[in-house]
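Annotated transmembrane segment per TrEMBL: 28-50, 62-88, 108-129, 150-175, 195-224, 245-270, 282-301, in sequence order. Taken from TrEMBL, the feature domain 'G-protein coupled receptors family 1 profile' applies to 41-298.
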Amino acid sequence: MNASANNTPLCYSLRSPPFKYLPNIASAYYSSIFGTLGLISNLIAFIVLLKSFQRTQSRSRSFFLIFLGGLVVTDFMGLLVTGSIVISFHVTHFNWRKLDPNCHFCNFMGMSMVFYGLCPLLLGAAMAVERFIGINRPFARSTSMPKKRTVSMVLMVWLIAGSISMLPITGIGSYHMQIPGSWCFLNISSDGNDMAFSLLFSLVGLICIAVSFLLNTVSVVTLIKVCCGQNRHQRRRDHEVEMMVQLILIMVIASICWCPLLVFIAQTVLSGSHVQVKYLLLWIRFATWNQILDPWVYILFRRSVLQRIYPRLNWSRGSIMTFPHAWKGGCWRFPEENI
């Protein structure tokens, strides 16, 4: 990814700054406000998760919290790295060709966009797999499984996403400057390796969402059967229900935020049409919301928070197994668990 025949670096060969399209002042405010909001939200979520992890006595919940911690760290770093570059451009309007004549900085941002884009989707799928095994095959997961193995799974997800993001360095795909000049991203094109890399990025993301949807659906059905079946007092399921609620919300947010961009990339590449800049910018902003909304799932959707919001609910200690009989006095009465 060095230079083309006319000595123009590859990342500027299609779109070279400065562009005639100039971002308005709203772009700077949008990037600054939502970047700051996302960083603060993820920082709060990390503190909440850390306290919950220290207090939890459930092995399965501790595994789940490790995955959530990895997701929070990924979202935080994604906003910090990419947001810093975008906001700096809107404030200073620096010229990429002068600042980064060899495309190193542009390639770094492109890799960051792909890495921090794929990580939440891959982690969501990994969390769905972990919950599926924990709920549907509880004896398949050894009770003595160390927490280090869960950490290793998070690291493996980061390694996979990092390996995919580095493919353009090996010649499979390429990163290019994008209008309005504030960011770099993969080249969405139907030509050769760019097509392969674009489809890979899109398909990996869509497959992760599909796997999450399938496994989470099966897990929810299993929980309903256990909670409402004759053997509903066999195992405590209260913490598992809470984890499934959080995981489903994470999946819904990821689907809404990422599917438009992933489908847009695949459709553009397969149809051989030119990229429509206004739609690309719109769907990228949609995807950014995923990193902002994710942490609020962990902050708000906990029983300790819901108890304060709905004090009428009877959060007495017990098992969610009594859920079918919990409708009393016109409201649901759920059990409490230390989290």
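Backbone N, Cα and C define each Cβ position, glycine as well.
Just so you know, TrEMBL annotations never went through curation; they're auto-generated.
Long-range contacts of the transmembrane segment (245-270) within the same chain, counting only residues at least 6 positions beyond its ends with a Cβ under 8 Å from a Cβ of the stretch, are 64, 68, 71, 117, 120-121, 124, 127-128, 131, 188-190, 195, 198-199, 201-203, 205-206, 209, 212-213, 216, 220, 276, 279-280, 282-284, 286-290, 293-294, 297-298, 301. When Cβ-Cβ distances below 8 Å are used as the criterion, the transmembrane segment (150-175) is approached by residues 1, 10-11, 63, 66-67, 70, 74, 103, 106-107, 109-112, 114-115, 118-119, 122-123, 126, 130, 184-187, 193-194, 196-198, 200-201, 204 of the same chain, each at least six residues removed from its ends. Beyond the ends of the transmembrane segment (108-129), by six or more residues, the same chain brings 11, 64, 67-68, 70-71, 74-75, 77-78, 81-82, 85, 153-154, 157-158, 160-162, 164-166, 168-169, 175-176, 183-186, 201, 204-205, 207-209, 211-212, 215-216, 219, 247, 250-251, 254, 258, 287, 290-291, 294 to within a C-beta distance below 8 angstroms of the stretch.
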